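Engineer: In case it helps, TrEMBL gives these features for our protein:
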REPEAT    A:18-59  repeat 'WD'
DOMAIN    A:18-305  domain 'WDR5-like beta-propeller'
REPEAT    A:60-101  repeat 'WD'
REPEAT    A:102-143  repeat 'WD'
REPEAT    A:144-185  repeat 'WD'
REPEAT    A:187-228  repeat 'WD'
REPEAT    A:229-273  repeat 'WD'
REPEAT    A:274-308  repeat 'WD'
Amino acid sequence: MTTSAPRPYKPYRHHKFLTIHTAPVSCVKFSNDGTLLASSSLDKTLAVFSAQNLTLVSHLVGHSEGISDLAWSSDSHYICSASDDCTLRIWDARAGDCVKTLKGHTNYVFSVNFNPQSNLIVSGSFDETIRVWEVKTGKCVHEIEAHSQPVTCVHFNRDGSLIVSASHDGTCKIWDVETGQCLKVLIDDKVPAVSFAKFSPNGKFILVATLDDTLKLWNYSTGKSLKIYNGHVNRVYCIMATFSVTNGKYIVSGSEDNCVYLWDLQAKSMVQKLEGHTGAVLSVACHPTENKIASGGLDGKIRIWVQD
Amino acid sequence: MNAPIIDPLQGDFPEVIEEYLECGIMKCIAFNRRGTLLAAGCSDGSCIIWDFETRGIAKELRDNDCVVAITSVCWSRYGHRILVSAADRSLTLWDVITGEKITKATLQQTPLLARLHPGSSTPSICLACPLSSAPTIVDLNNGSTTALPVVCEPGTGLVPSSRNKFSDGSAPFTPSAASFNKYGDLIYLGNSKGEILILDYKNNQVLGVVTIPGGAIIKNIVFSRSGRYVVTNSQDRIIRIFENLLPLKDGLRALNEISESIEELEGSDKLKAVGSKCLVFLRDFQDTINKVQWKVTCCSSDGEWVVGGASIKGEHKIYIWDRAGYLVKILEGPKEALIDLAWHPVHPIVVSVSLTGFVYIWAKDYTENWSAFAPDFKELEENEEYVEREDEFDLVPETEKVKESDVNEDDEVDILTVEKDSAFSDSDMSQEELCFLPAIPSPDIPEQQDKFMGSSPKLADSNHSEYPLSEEAQQNGHAMNNGSTPAEGLDNSIAEDTGGTCLKRRRKPSEKGLEMQAEMVRKPLKKISSGKSSKLKNRFAIERDTTSFCAYDDDDDGGDDDDDDNDDDEYE
């Protein structure tokens, strides 16, 4: 319980926008050390920028189809991208060359993440499976028949022992990494589709987005939903949401009404709506240490918002 | 982290071989503190560090000067250093992260066992137990050695000071076993007369003696991970467990206090009295039927189970007892002799090394927890009488009309604090622990990508559904031939590995696993895992981008992947 008066909310303002992509931007992510920002797009390329001055560091070309998701390794050296050409590619972020290609999925790869130790990669695909890959050799360690419809999101927890997966079949499941077994099913309603799921920084809670304009925070061990965040529009696209913890705790999400929404984590009230995009905002990312938000969407531009 | 949702009721010891690792001929193994890395010493002088999570090689420590077999490996406390002892009488200290040799010492005799001082993260002293003389303390910085007293003179309690002579005339070629206690301030040494000597090695003084009835030569002496139990393996084929009564942190001081408090006794009586206050005999374990000679013994990580490894008639056998003395399990492995054994520090996993150089990983036999698929399903241990509510069969039951959420939505949710891992509560995190070696993806070799042959030898029997075979390019074929060493079985990543050593991973299903697989047909397995009983055919469209319209057809189950079809062909 807070005994001191809550800090007045300082609004974010638009800082800059980056136009490098010629097609919608599907994902933006800051590296763990905060020095780089990567973006992936349907124009089949990824771009890496310096987070400080937003200059282009490298442009990663190689996929033959559009890219849906990207992930940074913990040491901020490697990026893994998930593409519609059914492969994943591991890139050296600064040098810009593709180090490895992971083949195995039989349909679009939609979501990818490294584990905290960065020796494993988990990927979710339209072929309804989740695959866990070993980074060093590129071998597929597990192939899990996870869902009955496309898998929309996969994420490791804080110590890399669990994977949460979300799918259009309306379920959100938790898997054990070591054995590939399903440990728990968090949601099992057939509608609405679950478009996004992510562990909280301490691994105890899962933020889940469903295609009925709702974001929920679940305690996965009790299986109860604790908080609900509303106000945005999310019916069609798999929009990413994230936690902002650098200056107070907030939930940040994109929306189909072209805005970025921020909610207070505890109070569930919407604190700000960032306008500026001219298309649905598909992805948002928070800088690990600074009060900076990056967003990308259908208009193909990446916008940077800072807090004064 | 996942403790709340994993069923705690299953017995906590391994049951079947889950997998085996092969790379060269491995001789001895050691886990790091958290069990994330496994170091294995090979017969060609190199030490391989396996990443236990991915079951792949993380690093290889190779010394070009040393080409003889490694006799033991030991991690430093936080995993930054590894001490390797080899058959050419050398002790080498490696830095794990850089893979560089830090220092090398040569002893007079081949050390069978070498242990780094467990108290510090950059230890400079280690304990070496040579083949045929007293255990010595080796200072790694200057290579000096100090022999430890192996016997204490009866009557006088004095200690012979000479190095290789035994003044009571005991045979000079009997090896003695020794071990540091948990924080390294004392050494517990088991000698050839069946006595455990508690030594203050800094002053080279015997402080206490515990006699084992029967007086058989003590071959191994090990501490449990918590430091509370001591397990000995003796020549009389009995494994004994003792409880360590000394406090863990300041054992030496407590021992000195006990020593001072017993004033009325002198000499060896005094030592025995002190000894009895430090170690208390709890129980012995043996195989009464076969009178098996134990090769290795150790304790489980939580001290609940005592493990003895033996090779009877060239067979791989691991006996597991609980601390009360009951034999709970005998793990039988392939017909290869067992030479080393280790229990994982955290999980109920046992790793054993066989004479042929394979490392077998024993784990619990995982059965799919089907009730996990229903979110509000509760598993019951036994039948519970169900008493129905008054309005159970009403058209609109009272209780359902009022749907209250029993969770206070205004409660604060803490997303940042991390709970401390209770298993490692004794760690003082003054030093950063090395849990993982950075995984650098080995670059693809371009021509290999197209060359992959589509048919890798298929299984005659399928393994667990979690590790299915896949026909796609770049996928490894986990080819499994029952029993004998798989010779073919193209593992595509082998072709890509730039390393010279051949690395193969195979999984051997247990008998039980095979039976279970025979019962469970694969197709329903897929359906069940999807949570529905029959797949609905629906045209599904997802728009993630406006430029390309992706329409996804939910095809009929039978013709879905190549996997499925091929598996059906082979599957009986």
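Cβ from N, Cα, C; glycine included.
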Engineer: Do any residues, 6 or more residues outside the repeat 'WD' (A:60-101), come within under 8 Å Cβ-to-Cβ of it, and if so which ones?
Structural biologist: 23, 26-27, 29-33, 35-36, 38-48, 107-114, 116-118, 121, 123, 125, 133, 135, 138
Engineer: Of the stretches A:18-59, A:102-143, A:144-185, A:187-228, which racks up the most C-beta pairs under 8 Å with the repeat 'WD' (A:274-308)?
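Structural biologist: When the Cβ pairs under 8 Å are tallied, A:18-59 comes out ahead.
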Engineer: On the DSSP side of things, how many residues of the repeat 'WD' (A:60-101) fall into helix, strand and coil, could you say?
Structural biologist: 0 helix, 24 strand, 18 coil
Engineer: So what's near the repeat 'WD' (A:229-273) in sequence-distant terms, Cβ-Cβ under 8 Å and 6+ beyond its ends?
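Structural biologist: 7, 9-12, 27, 110, 152-153, 195-196, 198, 200-201, 207, 209-217, 279-291, 293, 295, 297, 305, 307.
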Engineer: Quick one: DSSP breakdown of the repeat 'WD' (A:144-185) into helix, strand and coil?
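Structural biologist: For that range the per-state counts are 0 helix, 24 strand, 18 coil.
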Engineer: So how many of the residues in the repeat 'WD' (A:18-59) end up helix, strand or coil by DSSP?
Structural biologist: 0 helix, 23 strand, 19 coil
Engineer: So what's the mean pLDDT when you look at the repeat 'WD' (A:229-273)?
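Structural biologist: The predicted confidence over the repeat 'WD' (A:229-273), as a mean pLDDT, is 91.
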Engineer: By DSSP, what is the split of the repeat 'WD' (A:102-143) into helix, strand and coil residues?
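Structural biologist: So the repeat 'WD' (A:102-143) is made up of 0 helix, 24 strand, 18 coil.
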Engineer: DSSP on the repeat 'WD' (A:187-228): how many residues come out helix, how many strand, how many coil?
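Structural biologist: Tallying H, G and I as helix, E and B as strand, the rest coil: 0 helix, 25 strand, 17 coil.
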Engineer: Could you count the residues of the repeat 'WD' (A:229-273) that DSSP puts in helix, in strand and in coil?
Structural biologist: 0 helix, 21 strand, 24 coil
